[in-house]
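First the structure, in the form of structure tokens, and then the observations on it.
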Amino acid sequence: MASQLTDAFARKFFYLRLSITDVCNFRCTYCLPDGYKPGAVNNNGFLSVDEVRRVTRAFSALGTEKVRLTGGEPSLRRDFTEIIAAVRENPAIRQIAVTTNGYRLARDVERWRDAGLTAINVSVDSLDARQFHAITGQDKFHQVMDGIDAAFAAGFDKVKVNTVLMRDVNHHQLDTFLAWIQPRRIQLRFIELMETGEGSDLFRRHHLSGMVLRDELLRRGWIHQIRQRSDGPAQVFCHPDYAGEIGLIMPYEKDFCATCNRLRVSSVGKLHLCLFGEGGVDLRDLMVEDEQQAELEARIAEALTHKKQTHFLHQGNTGITQNLSYIGG
């Protein structure tokens, strides 16, 4: 077995974000405002179930404990349940999560659970149905809310909800969000709006630092929790009067990258060392046969030697990320 993935800055990597499609049926203003547009034609299409099985097996041999399936919208894959099961085959992977817009959650969550899914993140940027429609381009607010209820009914102890923090859109709705999570085991994660190649104007108009919310939470008696090694980048806060939690993801904060523990593989098999990195390292030619696993592990480990210390977002560097559906956010 190869050694634990570690980069030149002594960061260890336990967490893989694996995109399985860049297709999405929502048109969120901060991601795909004009809807999904196919990229360059790729005869191989998106990663197959067997390719997913091989790449996650290689990462697990290198110490990966958590795999998050992302998109686009991953549940648009007809074989999504089989993909979950393929990852679940590997006992070294302790957590299998999905980030979803939630529109198929009510219908399919029990099947996903039975296939091996252990955690769910749902994107909800407003608790007002009309504003939700305006942000996403889809009139599916109640369907998504029913999906979250279905996840709890299916036995998920906690559901994470991702909310992109936007000035003059939802930043003033903190009290509404807090009332929603008070009786529910929801970890509500406010994510700072990030500048992408296609979203510079939106960023200038709507970016708000998560520190504004952080200061308000601390003022109200919320307590900062200690981060676990396979956790994502959120700073998590709890309060004795609330069943739910608040998470803040602030990529522009000083030292945000110091605790990076995650790598990304795109839906066409490229390894991305950073959400805002350049190019990517092609792994797909080593996902063809089971016998290539040692070579695949070696290429992943070698690529990690090139991971930079920080994303340089502060300098306005958005890398190749034209929109966040490209490599799964």
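Yeah, the Cβs are placed from backbone N, Cα and C, and that goes for glycine too.
Database features (Swiss-Prot):
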type    : residues                              : note
DOMAIN  : 8-234                                 : domain 'Radical SAM core'
BINDING : R17, R68, T99, K160, R262, L263, R264 : GTP binding site
BINDING : C24, C28, C31                         : [4Fe-4S] cluster 1 binding site
BINDING : Y30, G72, S123, M194                  : S-adenosyl-L-methionine binding site
BINDING : C257, C260, C274                      : [4Fe-4S] cluster 2 binding site
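Shown here: features listed in Swiss-Prot, placed on the structure.
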residue : record                               : Cβ contacts under 8 Å, 6 or more apart
S123    : S-adenosyl-L-methionine binding site : C28, T99, T100, N101, G102, V161, N162, T163, V164
K160    : GTP binding site                     : A119, I120, N121, V122, I186, Q187, L188, R189, G247
C260    : [4Fe-4S] cluster 2 binding site      : R11, F13, P233, C274
R262    : GTP binding site                     : F13, F14, Y15, L16, R17, G232, P233
L263    : GTP binding site                     : L5, F13, Y15, L16, R17, F59, L271, H272, L273, I300, L304
Spacing of the two Cα atoms, G72 (S-adenosyl-L-methionine binding site) and C24 ([4Fe-4S] cluster 1 binding site), in whole angstrom, works out to 5
Neighbour tally for M194 (S-adenosyl-L-methionine binding site), based on other Cβ positions within 10 Å of its Cβ
21
Measuring Cα to Cα, how many angstrom lie between Y30 (S-adenosyl-L-methionine binding site) and C257 ([4Fe-4S] cluster 2 binding site)?
22
Take the C-alpha atoms of C31 ([4Fe-4S] cluster 1 binding site) and M194 (S-adenosyl-L-methionine binding site) and report the distance between them in angstrom, rounded.
10
If you measure between the CA atoms of R264 (GTP binding site) and C257 ([4Fe-4S] cluster 2 binding site) and round to the nearest Å, you get 15
